[in-house]
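J.: Take a look at what Swiss-Prot says about it:
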- 20-40: transmembrane segment (TRANSMEM)
- 43-63: transmembrane segment (TRANSMEM)
- 78-98: transmembrane segment (TRANSMEM)
- 109-129: transmembrane segment (TRANSMEM)
- 155-175: transmembrane segment (TRANSMEM)
- 243-263: transmembrane segment (TRANSMEM)
- 300-320: transmembrane segment (TRANSMEM)
- 328-348: transmembrane segment (TRANSMEM)
- 360-380: transmembrane segment (TRANSMEM)
- 388-408: transmembrane segment (TRANSMEM)
Amino acid sequence: MSLCKDSIYILMSNLYSKGMAYLFYFITAFLLGTEAFGILKGLMPIADTLTIFFSSGIPPAIAKFLAEEKEVDINKYIPILYLMILLSVVGFILTPYIKYILGGHYLNLPNILYFAVGLCVVASTVIAFSRGILQGLLKMKYLSLTWIVEYTAKVILVFILTLYLGIFGSLLSISLAYLVGGIFGLYLIYKALKGKFDFKKLIDIKNTTKNIFSNFNLDILRYSIPIALTSSSYRLFGDIDNIVIMSIMGGFWSGIYGYSSLISRGIFMFASAVSIPLLPRISKTKDLSLLKEGIIQNTIFSSIFVIGCLFFPEIPLIAFFKTANPEGILCLRILAISSLFMSYYTLISSALQGLGYAKISFYIILFGLVLNIILNLILVNAYGIVGGSLATLITSISVFLIGVFAILRIKKHII
């Protein structure tokens, strides 16, 4: 199956998932109000970052190892799932202490919200594992179905749970959706392998956990560390502005900024549609022409979206959130450009990981994260939420340029 066809499958699921994600946030914005929605937006990047770091960083490593195997034996990957669960429990325990690092308005939030965030980390393990296997098998059609099921469940659950449990209910709906998607993902693995996936071994905790720290598992874990650090840093990088705004300015302005930030992130559905199948294919072929093909596809997919955000920013703001705050409009224009540069870096990062240079990708995004934190702390204090968007734009351009330089240097060695 070609990269283009794989990308179309992922794009279609991402279009659906992004649409459902907008519906998820629309429902929470409608039910919670701007300030409570701002608190949710301030917690979501924390939940996502911890989920990636303690759980979802391993699946790309699984995909790489699996894609390089001549004879596939899925059952030997089962102990990895238990290792992921163990790491996620550590993340759950550490979550309540995050507020002391974030400070500001985060200190005023009840602990139950932080426990809800921790629950998201634990619940994500099964769906993350199944996606790693499906990606490694190059079953992109099945992989795309896991997103569809997850987001469908999330939207169904969020309305009821948010209505009765508020912000806690919104976070709980995410955990339950992870579980539903994870169980469905295991079924898809069984279907893809035509019954060769041993469910008995999956639930045989006693024997499976004996191999949890095998050399094979540790090799995957070691490879996943820079990927997990890169991905979690990348996620934190993308929303450090919202976190700083929440900490310094509180829930209301975090909500206003969150509206614009959420819409601008729509560009990433195009980039992820290309980057997900790009990693295992470059890992197999070491062909950088695939990166060029991916960049062209991303440009075609993203151009209309960016133009719309630049010239008609008030339309999506009013359509989705019934508000068009002047600061929010300006932020959306700036963030659309920023997201375009970061979408290109998403492809560059996947190429670096596929070529075995995951550490370089991590160093680049770590530099970007530190720069973004510094700029946000300065500019948010000086210019409010507009300062947050300017800080993100400056950092995005810097990260993109460094990524291009790294790829050009590596290309010389390959040639």
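Note: Cβ is positioned from N, Cα and C throughout, glycine not excepted.
In terms of burial and nearby residues, how do these features look in this structure?
T.: Residues 109, 113, 151-152, 154-155, 158-159, 162-163, 166-167, 170-171, 246, 250-259, 262, 320-321, 323 of the same chain lie 6 or more positions beyond the ends of the transmembrane segment (20-40) yet place their CB under 8 Å from a CB of it.
With a threshold of 8 Å between CB atoms, the same-chain residues lying at least 6 positions outside the transmembrane segment (43-63) that come near it are 77, 80, 83-84, 87-88, 90-91, 94-95, 98, 102, 109, 113, 117-118, 120-122, 124-125, 128-129, 131-133, 135-136, 167, 171, 174, 220-221, 223-225, 227-229, 231-232, 235-236, 238-240, 242-243, 279-280, 353.
Only residues 6 or more beyond the boundaries of the transmembrane segment (109-129), in the same chain, are considered here, and those with a CB under 8 A from a CB of the stretch are 39, 43, 46-47, 50-51, 54-56, 58-59, 62, 80-81, 84-85, 88-89, 91-96, 98-99, 146, 150, 167-168, 171-172, 174-176, 178-179, 181-183, 185-186.
Within the chain carrying the transmembrane segment (243-263), a Cβ under 8 angstroms from the stretch's Cβ atoms is held by residues 22, 25, 29, 34-39, 41-42, 45-46, 102-106, 236, 309, 313, 316-317, 320-321, 323, 325, 327-329, 331-332, 335, 373, 376-377, 380-381, 384-385, 388-389, all 6 or more beyond its ends.
Sequence-distant contacts of the transmembrane segment (360-380), counting only residues of its own chain at least 6 positions beyond either end whose CB sits under 8 Å from a CB of the stretch, comprise 226-227, 229-230, 233-234, 236-237, 240-241, 244-245, 248-249, 345, 348-349, 352-353, 387-388, 390-392, 394-396, 398-399, 402-403, 406, 410.
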J.: Find the member of 78-98, 300-320, 328-348 that has more C-beta pairs under 8 Å to the transmembrane segment (388-408) than any other listed stretch.
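T.: By the under-8 Å Cβ criterion, the transmembrane segment (388-408) pairs most with 328-348.
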J.: Short question: which residues 6 or more past the ends of the transmembrane segment (328-348) have a Cβ under 8 Å from it?
T.: 234, 238, 256-257, 259-261, 263-268, 270-272, 274-275, 278, 291, 294-295, 298, 302, 305-306, 309-310, 313-314, 316-317, 361, 364, 385-386, 388-390, 392-393, 396-397, 399-400, 403-404, 406-407
